Amino acid sequence: MRTHHSLRRGVAVAGALALAATTLAPSASAAPDTGPAVKVNQVAYVPGLPKHATVVNGSTSPAAWALRNASGTTVASGQTSVRGADSLSGDTVHVVDFSSFDTPGTGYVLSVAGSDSTPFDISADPLERLRYDSLAFFYHQRSGTPILAEHVGSRYARPAGHLNVSPNQGDNGVACRVSCGYTSDVRGGWYDAGDHGKYGVNTGIAAWQLINEYERTLYVTGADRAALGDGTLAIPERGNGVPDILDEARWGVEFLMRMQVPPGRADAGMVRHKVSDENWTALPTRPDQDPQPRLLSAVTTAATLNLAAVAAQAARVWRTIDADFASRALTAAQRAYTAAKAAPARYADPDDGNGGGTYVDNNVTDEFFWAAAELFTTTGSSGYRADVTGSSMFRGRGFEQGGFDWWWTAGLGDTTLALVPNGLSASDVSATRAAFASYGDRLLDRASTQGYPAPASGYYWGSNGVVANAANVLALAHDFTGQAKYRNGVYQALDYLFGRNPFNHSYVTGYGERATRNSHHRFWANQLDPSLPTPPPGALAGGPNADLQDPVAQAQLAGCKPQKCYLDDINAWSVNEVALNWNSALAWLSAWAAEEAGSGSPADTTAPSAPSGLTASASGGSVSLSWGASTDDVGVTGYDVLRATGTSGPFDRVGTASGTSHTDSGLGAGTYRYQVRARDAAGNTSPVSSAVTVTVPGGGSGCTVVATTQTRWGTGYVVQPVRVTNTGTSTITWSVAFTLPSGHSITGSWNAAVTTSGQAVTARATRSLAPGATAEFGFQGSRPDGSTALPSGYTCTG
């Protein structure tokens, strides 16, 4: 599906596993180890920034905590905050805030109620290392060149793969899977994941993120360009006078250009979707030992637009580095864009999943916008500008459906338009930047409801990549606004990836005592063959996936809560594979985090005082509020207005104010209670004010619902967003009913309480909805293979 990496696999994986099973030892059947009750970022918390841990504890009363240094001396202590039941993990949790302790060091241990955490550091050093380890992943994944011991050590060195040296059968002259009358030289590029396929769409976003990681340093004040310069990576090109990150990215760009159909051939200018094996190979299989014939799949509009976008970006960045390459790249980009406009609906075959994943993407509106944005920024052409400003994605509207991923690339175009000087008006650039902040607020709100905060839209294939890319949106929101809450959200996401999760597991290989060791990979296969290596440091595991597409995960994780659908096993490919686009997201994220960690100031952990003297008066369908100002040691940045319906309902945030007054409009008849709280730039919030009660006469109610099927694949789909709008004049607590086709089931949901009775589904609000306001939820469905039916009959009541 488009939100989920299962599309690149397809049903043919089952055949590959059956082949592999003849030589592989069976996986253990024990339930996954969830680790100590105290879940921490087991790698490092950064000095000067917030520091939180999650504790599995069923008590309804706070518990004492103590932080000890490596010598066993207690250096800080306090009481936990009770959070309660957490739906994504199934745990009942408390939270520890030890932000006030800021002494750098190693070997810290946090103790709560007789349970000790894994040791961790307070230091920025691990992020500095990860900046380079995450990029080294790409050298390890190179195809068509030997991986040299002088750069990676003898354990990871290997011969070149797929150069027509027996037993290899490619990639010097690869035929088309469906005969096209010619062969193509598609050497180079990166192996996409744990297999030997090379794909246009995943190479595209990965190369773009590496180039953008560098390009950002040209335009953001204080960005650390030198950290990405020549001599910073262990690669053969080191010392050539070109920033090493660009040398690595070029390996991907050159491959994409080789995948372009040459002039004079059918579909000239279009790009082949992938080159992969004819059939899946068993695990383990080193690249140079792969005996399978190699085949080129048909062209697709998505792959073609990936080349158009990335080659246009490369032409811009290499213009002063290598003018010849920049010129070739721009020519390829323009040919690709023209070809894509002439063939706008050439989609990947969902049945082309034998020997390589499918990566189906049947909505390329976002890719067209991305490619036009890159070409316009590079050339200034009025034609490309018209395509940018005429797109439904323009001014950040793509964020209404999500952030970054291989299947949703509008945000990549937004990044370029918001970051790189171009011919857009100041108001257009400002609106685009504001969209990053607006989406960032949604991500922070989502994380704030979780016991193990992560800005993920769902837990499907590649959820850790979703977390990393969401953190990158927050990072850019901080670049564009300077607001500390976005920076703090970035490091909170890293906390999750580094172990503040239900397993207390670091999903980054080589980082933390409880880190992934058994990635699904045909060479890093030590679990199956002790003569082969474990993964090198810095590879990101796909992470929790409630769909559990592989037999090992299905056997060991059946019935798991979304954040607990993970297993560190080489055969659990639906949760433990690696991939280019996840590691490019991690590389971008770790570079930004390392840069910001070096400039962090002491954490502000002091909350403002509570607002005083809250008053309320009703007039028509509105309530006017006023209150006395709060005080803060640094400064109050605003106030949150909270409202409850009736005399005992829960309070929800319904507005914000920069001053000491607010009008809450569009209310229906009824009794309401209000509270106000203050907040500062660091995200600290005050205690709430005393409540005030007010009665509003008149009103009415009603709501509408619109459901969008975001993506679908053979055995499932994601419906997101399901948008509920309060069309009445009173606050409502809505519910949405709909019907699943026969044989379908709900495998996951978010932002609503979803229940099923047979094929009838009811989704209920988790908070009230003000008049004129909208709420969104989503769900993931499973269906019999071959079924094309989708849920129907959506109705809203409220």
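Just so it is clear, glycine is given a Cβ too, placed from its N, Cα and C backbone atoms.
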Checklist outcome for this item: Range annotated region 'Disordered' in TrEMBL (choices 151-174, 655-678, 775-798) is 775-798
Checklist entry - Any idea which of 526-546, 694-714, 715-735 is down as region 'Disordered' in TrEMBL? => result 526-546
Item to check | Where TrEMBL places region 'Disordered' among the ranges 273-297, 598-622 | outcome: 598-622
Checklist entry - Measuring Cα to Cα, how many angstrom lie between Glu577 (active site) and Asp568 (active site)? => result 10
Checklist entry - Given the active-site residues Asp568, Glu577, which one has the fewest other C-beta atoms within 10 angstroms of its C-beta? => result Asp568
Checklist entry - Three-state secondary structure of Glu577 (active site) from DSSP? => result strand
Item to check | Reduced DSSP assignment, Asp568 (active site) | outcome: coil
